[in-house]
Amino acid sequence: MTTDRRHSEFAINTELFQKESRPSSAAFSTDQLADQNAYKKDKFCSICGQLFLYGLNQKLTCQVCFRGVCGKCSVQQKSSEESSELVRVCNNCCSKNLQAQVNEQFNSQLIILREEVDALSQKLSIATEETKIESDLKRQVKEHYKKQLEDTTREEMEIKNAMENFKQNNIKLDLQSTQMEKKIERMIEESKNKDLLITAVKEQSEEIQIQIGKNQEQAESLKQTINDQKSENDKIAEEVKRVEEGKANSKDIQIELKNSNEMELALKLSRIREKIDEKKEEISQFYRRLMESRDGEILKQENIGILEKIIEFLEDKKGYKSLESSHIIEQLKNQTYEILQLKSNYLRLKHETERMAEKKEKKKNEAMTSNPCNCAIQ
């Protein structure tokens, strides 16, 4: 912008110089003094070479070089140094003076322009260096913020992933805790049911033991009756054998004895059958009471062997072996052991649940300590 202004000033000064070179306002400074009488020797124009003729081509004198010139070659005028009057100047002197002034003004303007160009070049160099430094600084700042943004983004992603993993782990722990609580509740309910079942089994086992004792007494009584009947049968058989061996003479006596013995034997057998039927009825009633109990199905499976053996004994008239009582006691021991196992499992699961809850609370505290800015998410 400064250069354009200088060029404009130079153009204005040139125009002013041209105006000053006109006859109306021309002003010249004489650098060298010429011979003021030189025009007297000139017979021809010192510029165009035309002959001076009086009345046709008048000889005029240049007031700068003092040479004779024609009117065509001296159209310019200048102000005199001694006075304000206009004097004639030849074209050569005018051109030389004008060229000198132009050169002087041009040189002065050129010096000013060179100084300005040097100043602008220096400023441009400084500005270029500053621009380079500023560009490097901006590039460094941009790279720094870019790296910082990448680090921040990576840290945010890591924190986000850690929080997501923490949430997933919490969900899994909550699910496991819920499942464990349900399992513990189910085991507690099963334990209560087992306790009730064991109590009922104990009560029914006591009733069974009492009934077994009664059945044993009845079986012993029945066994004694059967033994007595066997003894009587043996006696009858011996008597029949003795009668057959003695060959009684009277057939009527033999028939009478035979009929008498058969009647007595039939009567005794009838009494034995009645007793067996009574025992069967008692056993059936006991079986019905057992089936009508609250857990009759379980007791039926456990004690069906006892009833079958008692019935088999009564039908086959064999001895009763007291093995079921020990079997029932063994079953009660096994059930007691199962109850203890259930209680042990319940305590173990309860301890494990408490430990998992403590671990979960510890993880929450650690996460809140390491990531205080994300506490609201929890």
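Each Cβ is built from the backbone N, Cα and C atoms, and glycine gets one as well.
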- Message: Looking at 5-26, 71-92, 225-246, 357-378, I want to know which stretch TrEMBL calls region 'Disordered'.
- Response: 357-378
- Query: the coiled coil (103-169): mean pLDDT?
  - Reply: 89
